[in-house]
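Novice: The feature domain 'Fumarylacetoacetase N-terminal' is assigned by TrEMBL to B:23-126. Per TrEMBL, Ca(2+) binding site is recorded for B:ASP134, B:GLU206, B:GLU208, B:ASP240. Taken from TrEMBL, the feature substrate binding site covers B:TYR136, B:ARG150, B:GLN247, B:TYR251, B:THR367. Summarising the annotation, TrEMBL assigns domain 'Fumarylacetoacetase-like C-terminal' to B:140-430. The annotation active site, proton acceptor is assigned in TrEMBL to B:HIS141. Here TrEMBL flags B:ASP240, B:LYS260, B:THR264 as Mg(2+) binding site.
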Number of protein chains: 2
Amino acid sequence: MTQPNLARSWVASANGHPDFPLQNLPLGIFSQQGSAPRSGVAIGEHIFDLQAALDAGLFDGAAKRAVEATRGGQLNAFFELGRGARQALRQRLLELFGENSSLRGRIEAEGARLLPLAADCVMHLPAKIGDYTDFYVGIEHAQNVGKLFRPDNPLLPNYKHVPIGYHGRASTVRPSGTDVMRPKGQTLPAGQTEPVFGPCARLDYELELGIWIGQGNAMGDSIAIGDAAEHIAGYCLLNDWSARDVQAWEYQPLGPFLSKSFITSVSPWVVTAEALEPFRKAQPARPAGDPQPLPYLLDQHDQEAGAFDIELEVLLQTEAMREQQLPPQRLTLSNTRHMYWTVAQMVAHHSVNGCQLQAGDLFGSGTLSGPEAGQFGSLLEITEGGKKPVELPSGEIRRFLEDGDEIILRARCRREGFASIGFGECRGRVLPAR
Amino acid sequence: MTQPNLARSWVASANGHPDFPLQNLPLGIFSQQGSAPRSGVAIGEHIFDLQAALDAGLFDGAAKRAVEATRGGQLNAFFELGRGARQALRQRLLELFGENSSLRGRIEAEGARLLPLAADCVMHLPAKIGDYTDFYVGIEHAQNVGKLFRPDNPLLPNYKHVPIGYHGRASTVRPSGTDVMRPKGQTLPAGQTEPVFGPCARLDYELELGIWIGQGNAMGDSIAIGDAAEHIAGYCLLNDWSARDVQAWEYQPLGPFLSKSFITSVSPWVVTAEALEPFRKAQPARPAGDPQPLPYLLDQHDQEAGAFDIELEVLLQTEAMREQQLPPQRLTLSNTRHMYWTVAQMVAHHSVNGCQLQAGDLFGSGTLSGPEAGQFGSLLEITEGGKKPVELPSGEIRRFLEDGDEIILRARCRREGFASIGFGECRGRVLPAR
């Protein structure tokens with residue numbers, strides 16, 4: 001169905017760009033030298049200023065209406081327009097930036113519309129987040145963590161029936177680059193019965209796929225799994241920073257709370273479903289003995305093309321590594337194929353009780369670990385809860401994150417005959433507790 | 001400190017009004033015959049239209065700025081102004097509506113500003129809710145429910161150290177009067193290993209106090225317990241509708257999710273801290289052997305006056321009872337004194353990790369049951385999970401809620417020498433699953 005696509009752009013830096021070739025065209029919200037946040041599209045090393053392009057008359061029809069909906073420094077109204085508007089905009093952007101575009105002259109003539117990405121542009125959250133939900137669909141992570149907490153019973157009986165999720169904190173979702181202040185909280189020292197209060201001593205990252213919700217549903221309505229694609233606006237990377245010592249003490253019986261709510265970082269570019277289309281996969285066959293999903297979670301198209309092949313990477317750079325000019329060290333190389341449930345299944349499950357989803361809601365997939373060493377999406381798993389420290393090129397070791405450590409998430413989609421695309425980075429540096 | 005107060009109003013229906021005498025003056029957002037939602041104050045059987053009063057020049061100085069911040073159909077900006085603005089507005093309202101007010105003539109001359117509450121006014125949510133957090137501070141409820149799930153271990157070891165809470169769903173909080181569609185979901189039938197999908201068969205209510213957050217904090221800052229009052233805008237009643245069968249199957253390991261997110265109902269009037277001041281109490285002494293709170297949860301003023309004496313009531317009226325013209329039947333009579341943690345402790349705990357609270361955030365207290373029969377704040381507790389049905393005057397029995405059942409929450413504050421105040425109702429009627 002998806003045709004091979006290696007088309008090139010007249011924007012030279014787009015061709016072969018690891019994240020933002022012509023085939024990606026992710027949307028985001030940026031500001032420049034303190035200007036009001038506005039919408040743009042990443043292409044190569046540039047941001048295409050949508051508002052300026054709109055003012056210059058480069059859009060009409062459905063694409064124009066789509067760009068108009070990106071006004072106001074947030075993409076919620078654009079997300080709400082749904083798939084048709086998004087596809088119309090993409091089609092127009094492909095025309096504008098294709099190698100042989102007759103419009104190159106018009107865009108170049110007004111160079112201010114193609115801004116250097118790296119220079120003085122600051123990225124913001126792409127949307128105002130109504131609610132943030134964190135799922136737990138990474139089955140290898142669920143098993144790895146389950147083993148630490150419940151050696152005899154790593155995976156709970158509901159896991160293979162229910163796309164487990166829980167409500168997260170929307171107010172502290174922040175774009176890549178926001179510093180991560182080490183949180184304080186209650187923890188129970190090993191072997192003690194009385195908790196103590198102080199800075200988190202087991203600060204961790206979690207490698208997740210983020211999902212931006214498009215069109216919402218009315219309270220009381222459910223989104224059928226076959227309609228889920230209408231309700232998904234795009235994707236990002238998400239770091240679900242976690243205070244493991246706080247989490248272990250607080251999480252029963254109602255789940256994680258302050259161990260997660262101090263910050264959640266996302267990559268700022270919204271990678272669209274259209275850009276990811278070539279990297280869709282059939283869901284892997286469930287292992288023998290696994291139950292079939294209940295009918296509301298089952299859809300033939302979703303079975304055949306609901307999974308993604310996206311390579312996910314985590315890198316760490318410590319203060320000492322920066323001083324020694326050592327590059328970031330890879331901690332994790334994983335893939336979205338370790339999701340036991342698809343994004344469409346998450347959407348269908350979340351709304352099956354009539355819960356209202358709204359444009360700009362954010363989902364996290366849950367930590368996406370692989371089964372092997374090198375594929376674990378958190379230090380909790382890599383170090384087995386701190387027992388097996390990681391050695392770094394600087395000669396340091398890490399059980400959990402130290403002040404000054406920076407975590408960088410990246411994603412890459414590769415397929416023969418298709419331009420590779422990426423998500424841009426999701427970075428955060430740990431600051432000492434105040 | 002608090003002086004006895006039985007002052008009367010020239011608004012005749014306010015004197016002796018069970019909910020809204022002169023001493024209460026709660027704020028809310030209403031509309032009339034399809035008008036745009038706007039702010040008002042309940043007094044007796046009337047709503048005082050704040051925008052109309054502002055236009056008529058009845059406010060100046062800090063009170064005027066406070067009313068200006070109530071514009072736009074939501075109270076968030078007013079909440080953000082904090083305690084000083086709220087108190088200035090209250091002072092002015094007391095002048096306007098006191099028995100001997102010299103301004104009575106001006107208000108009566110423009111009768112449109114004092115609208116009949118019951119007639120054609122529709123109440124809305126008072127604020128746009130950023131995040132909703134549900135706590136679990138009702139210790140009797142925690143013990144009652146704990147016994148059902150863990151007979152040997154009803155209260156988990158963290159309970160008396162941590163004000164347990166979890167993130168709830170903000171998008172489905174609705175004002176009193178909104179119908180409650182029976183949710184559908186996955187449940188595990190007793191004795192089975194495979195879940196089934198269908199309408200919830202164990203639909204329940206939960207009696208809670210709601211708390212509206214006032215001034216917020218920046219991410220990374222904590223709100224000291226001694227400053228919590230600056231950050232609390234007011235109070236309401238909250239019904240945390242619960243699908244017990246869905247909950248039992250989904251809640252491990254990350255907490256309740258779809259079993260709660262189909263709807264949460266709140267009473268629409270924001271009862272201020274000032275109105276509740278006479279009904280504050282010292283925190284009851286912790287039973288011998290209970291741990292002292294950690295220092296960040298300990299404040300002398302909070303110990304001496306951080307608790308509330310608010311009577312809480314739940315009534316049920318079934319379809320058959322309405323047909324037989326039987327009045328609602330009381331299911332629960334409880335009190336906020338069963339809170340093991342105060343509201344100030346909740347605020348301090350929630351923000352101690354640097355989590356950002358924002359004006360218009362909503363907290364639920366958790367179910368506030370008493371220790372005795374008749375005081376249980378949910379059917380789960382009353383019927384011991386369905387084992388002991390409730391008999392109703394209509395000859396019906398209830399284990400859990402049936403379609404057509406209406407649940408009504410009420411609250412009343414009483415104290416010798418003080419006018420009683422109430423919260424208004426929080427109602428919801430159960431509709432069949434779609």
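Any Cβ shown, glycine's included, is placed from N, Cα and C.
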Novice: How does the domain 'Fumarylacetoacetase N-terminal' (B:23-126) divide up by DSSP, counting helix, then strand, then coil residues?
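Specialist: Grouping H, G, I as helix and E, B as strand yields 44 helix, 24 strand, 36 coil.
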Novice: Which one is it: of the binding-site residues B:ASP134, B:GLU206, B:GLU208, B:ASP240, which Cβ has the fewest other Cβ atoms within 10 Å in this structure?
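Specialist: Ranked by other Cβ atoms within 10 Å, the binding-site residues B:ASP134, B:GLU206, B:GLU208, B:ASP240 bottom out at B:ASP240.
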Novice: Within 10 Å of B:THR367 (substrate binding site) by C-alpha distance: pick out those among the binding-site residues B:GLU206, B:LYS260, B:THR264, and say none if nothing qualifies.
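Specialist: Of everything listed, what lies within 10 Å of B:THR367 (substrate binding site) (Cα to Cα) is B:GLU206.
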Novice: Give me the non-local Cβ neighbours of B:TYR136 (substrate binding site): same chain, 6+ apart in sequence, Cβ-Cβ under 8 Å, ordered along the sequence.
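Specialist: B:TYR136 (substrate binding site) has long-range Cβ partners B:ALA142, B:PRO163, B:ILE164, B:GLY165, B:TYR166, B:GLY366.
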Novice: Which ones in the same chain are close to B:TYR251 (substrate binding site), with CB under 8 Å and 6+ residues apart in sequence?
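Specialist: Expected: B:PHE257, B:SER259.
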Novice: Take the C-alpha atoms of B:ASP240 (Ca(2+) binding site) and B:ARG150 (substrate binding site) and report the distance between them in angstrom, rounded.
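Specialist: Rounded to the nearest whole number, the Cα-Cα distance is 22 Å.
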Novice: When C-beta separations to chain A are restricted to under 8 angstroms, which of the binding-site residues B:TYR136, B:ARG150, B:THR264, B:THR367 qualify?
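Specialist: Listed binding-site residues meeting the cut-off: B:TYR136.
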Novice: What whole-number Å value do you get for the CA-CA distance of B:GLU208 (Ca(2+) binding site) and B:THR264 (Mg(2+) binding site)?
Specialist: 11
Novice: Spatially, and counting Cα to Cα, which of the recorded positions is closest to B:ASP134 (Ca(2+) binding site)? Options: B:HIS141, B:ARG150, B:LYS260.
Specialist: B:LYS260
Novice: Quick one: of B:HIS141, B:GLU206, B:LYS260, B:THR264, which recorded positions lie within 10 angstroms of B:GLN247 (substrate binding site), measuring between C-alpha atoms? Sequence order, please.
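Specialist: Qualifying among B:HIS141, B:GLU206, B:LYS260, B:THR264: B:LYS260.
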Novice: Please compare the binding-site residues B:GLN247, B:THR264, B:THR367 by how many other CB atoms fall within 10 Å of each one's CB, and tell me which has the fewest.
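Specialist: Least crowded of the binding-site residues B:GLN247, B:THR264, B:THR367, by Cβ count within 10 Å, is B:GLN247.
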Novice: My understanding is the cutoff is Cβ-Cβ under 8 Å with a sequence separation of 6 or more in the same chain; which residues meet that for B:ARG150 (substrate binding site)?
Specialist: none
Novice: May I ask you to report the DSSP-based helix, strand or coil state of B:ASP240 (Ca(2+) binding site)?
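Specialist: In the DSSP reduction, B:ASP240 (Ca(2+) binding site) maps to coil.
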Novice: Please state whether DSSP places B:GLN247 (substrate binding site) in a helix, a strand or coil.
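Specialist: Once the DSSP labels are grouped into three classes, B:GLN247 (substrate binding site) ends up as helix.
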